[in-house]
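The next block holds one structure in the form of structure tokens; read it before the comments.
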Amino acid sequence: MAGVLKKTTGLVGLAVCNTPHERLRILYTKILDVLEEIPKNAAYRKYTEQITNEKLAMVKAEPDVKKLEDQLQGGQLEEVILQAEHELNLARKMKEWKLWEPLVEEPPADQWKWPI
């Protein structure tokens, strides 16, 4: 990358990232590391791992910022970085919550019935 292409994101509170490719590579790698600690059969791991690997491959393959933004379809790369940070936080919480384990007690029979 030949340097910063813009001076502002135009979004209040969201600063320009000077090294978006590096930042995204780090975040996606951290997400994948956390997902490794979740059982392979857990739906969250399966789908998040697939999406994260696809995005990481795009980041590694496309050096042009604008083209990468178009491929990722998540707005500006700074917005994609913010999304990746949120996904990393969620992955850590999912690991902590152990949502793949069975419920402590059975839900009420009509819990999902509507109208009651």
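The backbone N, Cα and C atoms fix where each Cβ goes, glycine too.
Over in Swiss-Prot, the protein carries these features:
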MOD_RES   Ala2  N-acetylalanine
MOD_RES   Lys30  N6-acetyllysine
MOD_RES   Lys46  N6-acetyllysine
MOD_RES   Lys60  N6-acetyllysine
MOD_RES   Lys98  N6-acetyllysine
MOD_RES   Lys98  N6-succinyllysine
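A map of Swiss-Prot features onto the structure.
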{"residue": "Lys30", "record": "N6-acetyllysine", "Cβ within 10 Å": "17"}
{"residue": "Lys46", "record": "N6-acetyllysine", "Cβ within 10 Å": "13"}
{"residue": "Lys60", "record": "N6-acetyllysine", "Cβ within 10 Å": "12"}
{"residue": "Lys98", "record": "N6-acetyllysine", "Cβ within 10 Å": "10"}
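The shortest Cα-Cα distance from Lys60 (N6-acetyllysine) to any of the modified residues (Lys30, Lys46, Lys98) is found for Lys30. Classification of Lys30 (N6-acetyllysine) by DSSP places it within a helix. The two recorded residues, Lys30 (N6-acetyllysine) and Lys98 (N6-acetyllysine), show a Cα separation of 18 Å. Secondary structure from DSSP puts Lys60 (N6-acetyllysine) in a helix.
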